[in-house]
């Protein structure tokens, strides 16, 4: 069967005597590639009469209509010249043996002074990869709101805008850049998903309303050569962590950077040219650890609660930027003084050794992404790649939904000495109490078991024999996970901001 993935403009405009070019984009499945393509106009009776198809051209339109198909790009184009006023109406571009199969409807308006529509931009990407969309607004007014929305049947659903709005499904993975001197701006999207495919509009919106938006068709492949990457990092207040950003080693990048994502914008914290934001000086470092493999290592030290949030690895080459997002979770350990003897030796940063034991790796496999060419108008294809943040040896990589722990400094050093001494003292106390009780029983002639007095003694010492204390293995961001050890309590509190 023909795939249901088909996208194209919903509105076209042309001038009398001029021409229009309409592009119809489809997923490159075998059924779509080799099936009949058609362009028809809906008449008053509701029937869509074929103007041109892969094997037919209406005699009424011969000489002024053409259809071109490029299966490898998933695009077919219809061009109409010598436009007349009666060419206005509703059309369909579609795929199938009949004109009722898979199609996209559009309205064509022919006027004496109509503004020619901008060609639709085609952007192609892979799942887990990233894309760069260039929006040539041309409006240089700084007060214009920049937007990115997805076209539906009757409206365009706002995904992100320059005033800080970002839809729930795009949190942490979309940025609208500031306007350049020409008025153009870029939309950067990463962690692509198949459901991101569709028809979009990008442009500016000011006091006059929406100004000549650019139509963009985003096609995300059904299969990916890029692996699913770790998306979460976990650190501890006062600790440190490191991770790697990957890119294509065969491409020369103007700049590689790490930025902090907030509300649809990303503030650069440091780059490979030596720049470090004032707030992160002495706490952040970037180095090209394996340039032949296309990887850079980022180290973050002296972690604070406010460091929690979304971060992006980025690499810029011309108009194209490869990006990859990760979320940093920061937790702090809260223990009472009575718990020092029962806290996890070595100041472990995870609630339980079993919590991440099954997902621990020495490193995450390197990924070589392909670098997209500069975005161009019309049918130019925008490739995608992956700039993967991965844990270095000593961290543990996990799938999204998990975290991977980093070692931290500042662990207690007195526990190996204090803990044995405390246990010895408890044992001596219990022995003395037991012997005294036995002596008392012999003196009174009572035949009682010493077992009955052992449990109260242990309970008095804050222990519970035969009872295994359990901890939650997967703490959720924003929640407090507690566990009891002896008579005390420890909590790991996760901070989540940004």
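Any Cβ shown, glycine's included, is placed from N, Cα and C.
The annotation compositional bias 'Low complexity' is assigned in TrEMBL to 343-357 (among others).
What TrEMBL records for 376-388 is compositional bias 'Polar residues'.
Sequence annotations record features per position, and here TrEMBL assigns compositional bias 'Low complexity' to 389-403 (among others).
Within the model, the domain 'Ig-like' (1-109) shows a mean pLDDT value of 90, rounded to a whole number. Here TrEMBL flags 1-109 (among others) as domain 'Ig-like'.
TrEMBL lists 124-219 (among others) with the feature domain 'Ig-like'.
The annotation region 'Disordered' is assigned in TrEMBL to 343-410 (among others).
Under the heading region 'Disordered', TrEMBL lists 462-487 (among others).
Summarising the annotation, TrEMBL assigns transmembrane segment to 414-436.
Note: the domain 'Ig-like' (124-219) comprises 6 helix, 50 strand, 40 coil (DSSP; helix = H, G, I, strand = E, B).
Residues in the domain 'Ig-like' (1-109) partition by DSSP class (helix H, G, I; strand E, B; coil) as 14 helix, 56 strand, 39 coil.
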